[in-house]
Amino acid sequence: MLERVGTGRGRVVFSPKETVADLGSVCLRRRGASLLLPRFLTPDSFFFIAVLTRFPTRLPSTAPLSWKAHSCPGPFCALRLGARRLRGSPFVYLRPRVPQRLRGRFLAKMQQPRDFTETYVFRYLPEMTEETKEALTEKFASFVLLADWLCKYQDPAQILENHWSFLACELVFFFLAAITFVHAWRRGGRYLYAWIGIFIHALNVENLTYWIPQMNNFWQAQGIFTLFGSRMPLYILFGIYHVFDYCTYVMVRKLYLPWWAEGPAVGLCAVMLDLPYDILGVKLLWWQWHDTDPNIFDRSYHVPWNSYYFHASFACAFIWLLHGSRRLLVGDSYNWRKFTREFLCAAIAGLGAFWLGALQFVLIYHPAHDVFQVPTELTTLSFLGLYAVIVFAADRRNRTLAAWHHVSMWFDEVCCAICIHYLFFMILVVVGDPVNTVSLGLHQPIGPCNATQSVQTLLGPLQKKKYLCIDDYDEAYLDFHCVPGRKNRPRAFGQIQADGKKLGVDAPLDWYEICGTEWGNHAEYIFLIWSTSLLFLAVFFQLGARSGPLPEDSIFSTPKAPFNASKTVYEEERLSCEATPEPKFEVRRRKAKKEDTPKGPKSPKTPKDSTPKYNTRSSAKKST
């Protein structure tokens, strides 16, 4: 009943501003074409839908493009929408056709207003009053809006067609997060609590960055499941943070560093895992950075230098708080009976890492960048260099002999996850095709070019553009070449036609399509990703195979009473006397004989003038 056409016949326009309560059986007729739109839609299509035919201006869609309408009554059940976008175009083009024998009934049915609740719910409850019906309808609409804000679902087939690299990224990181959980579950103890703490850390950091205006400077692509108002794909919560933070936490523990050096080591390793992800992610439109934010203005390969600063400082802050809270609340030994305190330590680290990480920005980045106008790349490299010096100094003074004891069975789940991580990006940089990538979803709002927003710094408030200016933007990794239209771009806020009429609505456009651009020098990207991945793999190989075994958590045990040989012999004599009665004076307490004492392993004899040996690498060298 529906025919796809190339251009100019009909198209579907979605408006996320409407709610399910506003939907109805609507038919818009223009120049002979008409289409019935039933009120009840699939859960991922709670949007007002209109069909425009032969419209002179091509308007972009603002919602998922693959959808289907259900519950179409009577002879109109055959009229179902299952449109998919055409190859290379982010739009759905439809030409509705109605048979001649059904046209009269079709038009008459369209003119009859229908109510979803009256048809499907309230007709079975005739005794219900109108006030109760309105209250229930309002509550149901509020519940649908809340559920829609909490989690949105996208058809994986649609993502595969428009944005296949992002779908592959989601699936890979879901798998890697599962591998890290298997490792934490198998090791048990504090490793599992660390995994839970990283989950709390991810949930806290991502939500705070979305709600703090100064940090709201990026927009993620729409995944299979996207949480919190289409801002956070699920793979961020169960994937990115566990791969970056948990894997590095496990690998660094093999170095047996002191607590003050373990945090910077984890931060450096997190940056090594993040670098290929940041470079390819922004190029393949996995997210979009704010166009004019001064804190992320200095970039390399479209990646803000502060992104590396962020991952290093926040991972380090999490480790510091995790160790500090454990020392204060539970001690060095692990006691499973204190599981509430262990969980509290993980929660403290997860909730407080954001603020301790932000404090590291205040100490180094903001004074140098905001006061003395030092470029961000210099502050980031200096910060990472400081971390490297701390780790190197601690490792050179490491006196723990276990840190230098190599193990043969070192390749575990974490090492496997790191190898898969780098292998995925090494393959993706070769087969990826950014120019044919279309990212449909929530992006930086398009609005008036003169609207500004203040950003607080040490020198006072700075100004940045609040909206993306469609006529003046500086993002070389995206454009609008895949959007149909004369100028290949979505409609701008307040754009005026030749006849003086204004296009669109008086509100910023935040749900639209962006298109990828060419690699430029593709060989440069391949060389960068492959060289850094192989170099970082060599570093992680040294951590895994050339360091000590993964330390086990020392289990707290109740101290036993010391062995008393005299008491044991006396009890044996008393029991034997009870069996064969003898005069009382013959039962006497005597000292244990040499042969009665339990034999244990002989300790090596040391001369009196010799110094005791400690389990350290330095003492081992002196003995040789």
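Any Cβ shown, glycine's included, is placed from N, Cα and C.
Features of the protein shown, as given by TrEMBL:
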| type | residues | note |
| --- | --- | --- |
| COMPBIAS | 574-586 | compositional bias 'Basic and acidic residues' |
| DOMAIN | 118-543 | domain 'DUF7802' |
| REGION | 574-624 | region 'Disordered' |
| TRANSMEM | 164-185 | transmembrane segment |
| TRANSMEM | 192-212 | transmembrane segment |
| TRANSMEM | 232-252 | transmembrane segment |
| TRANSMEM | 264-286 | transmembrane segment |
| TRANSMEM | 306-322 | transmembrane segment |
| TRANSMEM | 343-366 | transmembrane segment |
| TRANSMEM | 378-394 | transmembrane segment |
| TRANSMEM | 414-432 | transmembrane segment |
| TRANSMEM | 525-545 | transmembrane segment |
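Below 8 A, the CB atoms of the transmembrane segment (525-545) and the transmembrane segment (264-286) form 3+ pairs separated by six or more positions in the chain. As a quick check, the transmembrane segment (264-286) and the transmembrane segment (192-212) miss the bar of 3 or more Cβ pairs under 8 A, pairs 6 or more apart, so the two do not touch. Take the transmembrane segment (414-432) and the stretches 192-212, 232-252, 343-366: counting Cβ pairs under 8 Å, 232-252 has the most. Most Cβ pairs within less than 8 Å of the transmembrane segment (232-252), among stretches 192-212, 306-322, 378-394, belong to 192-212. Among residues of the same chain six or more beyond the transmembrane segment (192-212), those with a C-beta under 8 A of the stretch's C-beta atoms are 180-181, 184-185, 218, 228, 231-232, 236-238, 240-242, 245-246, 249, 314, 318, 322, 342-343, 345-347, 349-351, 353-354. Within the chain, the transmembrane segment (306-322) has long-range Cβ neighbours (under 8 A, six or more residues past its boundaries) at 194, 197-198, 201, 205, 244-245, 248-249, 259-260, 262-264, 266-268, 270-271, 274-275, 278, 295-296, 298, 345-346, 348-350, 352-361, 365, 376, 379-380, 383-384, 387.
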